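Quick look at what TrEMBL annotates:
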- E128: active site (ACT_SITE)
- D12, D127: Mg(2+) binding site (BINDING)
- 416-432: compositional bias 'Basic and acidic residues' (COMPBIAS)
- 8-217: domain 'UmuC' (DOMAIN)
- 386-432: region 'Disordered' (REGION)
- Y17: site 'Substrate discrimination' (SITE)
Amino acid sequence: MSPRTRWIAHLDMDAFYASVEMLRYPELRGQPVVVGGGRRHQPELLPDGSRRFATLAGYAGRGVVTTATYAARDYGVHSGMGLMKAAQRCPQAVLLPTDFDEYRRYSRLFKAAVAEIAPVIEDRGIDEIYIDLTEVPGAQDAVGHDPAGGVRAVAQEIRNNVRRTTGLVCSIGVTPNKLLAKIASELDKPDGLSVVTAAELPTRIWPLPVRRINGIGPKAGARLAALGVATIGDLATRERAWLQEHFGRSYGAWLHEAAHGQDDRPVVTHSEPVSVSRETTFERDLHAVQDRAQLTAVFTHLAERVAADLQRKGYAARTIGIKLRYDDFRTVTRDLTLPGPVVDAAAIRRAAGQCLKRVDLSRRLRLLGVRAGTLVRAESAAAAAPGRRVRATDRRTAAEAEPELPFLGALPAPEASERGEDPDRHPPGKSE
């Protein structure tokens, strides 16, 4: 009996946030659309039942593109770009506010659709997963003269089920490991399926730019280019010792393995989150005194969203922190470790307020964030202290963090655009 071929898939939802918005506003299909506005950019419903949409034309503010449709990308607009720069490139693009609650709902739907066919899934973010297809019925079958025909059919059925369940399309790469699967999922976007065998590495992977390897960032890419390494194939020709000489023992060895398609990482079906965070980038720089009301609202809202995330995931936090970015782009963080785990907004807000006492609030702010770390399972925290309730009304935990700052008061939620609250998208275990 021949050994079973290991088949790992990487599934990436295509232009996920924008595609969800297209389900809500089908009249925008095929148009350049940018997601990243605040609530003031909500479409206006007209008396005749049609909608009037905001556009990027004349946009002025600090907002950032969360995602863009492929039609907008054709103009050079991409995720992470400032909205003002995007407005210069594509002023006619429709601007929509972000709706992370809806995106998370569709994320749960597509992952459930995949699990109906292939239950061994590693969650890598709101819009991407790894799937172990090795033991899925039919994945080891050959179809005609195609030895990978069985796994190709399984992957196609996954794509079909995602579309049936959500109305959205995805791209899937199927290879013998996670590193290659990530690369393969980008080969035929959007709405693509690429199966790459180990034997096809020289023809389908090596011609690609070296930056296609997840774990080679801008700095390492620039260093490799300076050394005459432009493609993955170029990298594969370099000796391990040469790479270690230029990039260090560990990273150099990994570069050598990656270039040759070697990766034995398993698909991890569950991992404990390190932290939960929410942050907001302001459309204009705000001051703690002059913009007290708006900053108060933002601060309270961020604490509420962090608390909601903790409760939804079933965790409590022992450490609460803040993140500030000033008008000169300098970023500072502060953390406070509490005597007991907390899980709701009042305690989180008080602890974050205590952190704010330790930073300079005389400068204007362009970003404010709240973070919960040192996470423990909520039931474990309750079991460890049965006489103690893990909640914000526990004043022994929160009272010491009562802030005395100029913009902290009980005000309603803000109208700020949220960014960066979803799971870590960085390459696992690799750095430059």
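Cβ coordinates come from backbone N, Cα and C, glycine included.
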Does anything in the same chain, at least 6 positions from D127 (Mg(2+) binding site), have a Cβ under 8 Å from its Cβ, and if so what?
D12, M13, F16, Y17, Y103, S107
Could you please provide the mean pLDDT value for the domain 'UmuC' (8-217)?
94
Please list residues from the chain of the residue listed as 'active site' whose Cβ is under 8 angstroms from its Cβ, counting only those at least six apart in sequence.
H10, L11, D12, M13
Does DSSP give D127 (Mg(2+) binding site) helix, strand or coil?
coil
Counting other Cβ atoms within 10 Å, pick out the least crowded of the recorded positions D12, Y17.
D12
